[in-house]
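Heads up: the structure comes next, in structure tokens.
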Amino acid sequence: MLRVCQKNLRGSRSNILSPGRKRDFSPVPWSQYFESMEDVEVENETGKDTFRVYKSGSEGPVLLLLHGGGHSALSWAVFTAAIISRVQCRIVALDLRGHGETKVKNSEDLSAETMAKDVGNVVEAMYGDLPPPIMLIGHSMGGAIAVHTASSNLVPSLLGLCMIDVVEGTAMDALNSMQNFLRGRPKTFKSLENAVEWSVKSGQIRNLESARVSMVGQVKQCEGITSPEGSKSIVEGIIEEEEEDEEGSESVNKRKKEDDMETKKDHPYTWRIELAKTEKYWDGWFRGLSNLFLSCPIPKLLLLAGVDRLDKDLTIGQMQGKFQMQVLPQCGHAVHEDAPDKVAEAVATFLIRHRFAEPIGGFQCVFPGC
């Protein structure tokens, strides 16, 4: 989930340009970072659901990547290129239900239980009864779903677990201000370039390279742009349809419809998912997360943007050596996007230390064990 972070905006090396040089906010296709894309069909009681995955690599363990709320699998694009060059591994980046290009019968059910089952079902659909060794890596909401998946034993070949910048105490505290944060975001964008520019300048994604591929998965074209009679909102809840007053004033409604259409034409892109409407699931994602994480009987890694993120349970667990921790300063909440090389080095070091994967090109473990 997106989180309000009170930090100074510092650009990554991708954002630092020579004076007078204009930054390029044009979108970049997924194919520049992933080797292939696949839609995985999952059978359920109501029919078939289709989950979009992006893949790279052909040897080693599978790193199953779960994005944060509102994001998509494309948020892992630059990280994927970085980790593939360091260790032998396979990448599977998944669009969770309600996000990206995944299509499910009930996209509004974003409960931790349902999404964890989705992960297990996708693994089964892809690999059958004999899945390869898998490490779950999740950011924010995706980190919570990774923990729920692991604790429910939904991936039988699970060898490791990594959470990125999600801690129960901090997440629960942030929920009170989340609706205000979401209301403060733009509702629509004039173009994909405009969306990329906003994401970087607002600090949501501090790495321009990542934003250019990632934001494509966060926004979509508004519905009904070409429909002259389209009286529905751009996206439900963004511009609400105005009901007739008691006098049945048709002229007011007509003007409203015309204004809606003009807004759609001028700002044809909006968010793929309306996060404000997922509030009823937020508590279930994060409550009890620290103890669930600590109780998973596999090697665990926690990557944080700041040491202040730790809550009491994780502080005690870290002192007892129940998991490895790495703090990556000068990052925003989207750690794996802001500093993909550093996250790749931390994950690669973890994999090599536990002999889960072999290094590539003389890669040396650079982080001490925490």
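Just so you know, glycine gets a Cβ as well, placed from its N, Cα and C.
Automated prediction, rather than curation, is the source of TrEMBL annotations.
Fair warning: this is a prediction, and the values are worked out from it, not measured in the lab.
According to TrEMBL, the feature active site maps to Ser140 (among others).
Cβ neighbour count for Asp165 (active site) (all protein chains, 10 Å cutoff from its Cβ): 26. For Asp165 (among others), the entry in TrEMBL reads active site.
The active site annotation in TrEMBL covers His333 (among others).
The compositional bias 'Acidic residues' annotation in TrEMBL covers 239-249.
Per TrEMBL, compositional bias 'Basic and acidic residues' is recorded for 252-264.
Per TrEMBL, domain 'AB hydrolase-1' is recorded for 63-346.
Residues or ranges marked as region 'Disordered' by TrEMBL: 239-264.
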Between Asp165 (active site) and Ser140 (active site), find the distance joining the two CA atoms and give it rounded to the nearest Å.
6
How big is the Cα-to-Cα gap, in Å, between Ser140 (active site) and His333 (active site)?
8
Ranking the active-site residues Ser140, His333 by other Cβ atoms within 10 Å, which is at the bottom?
His333
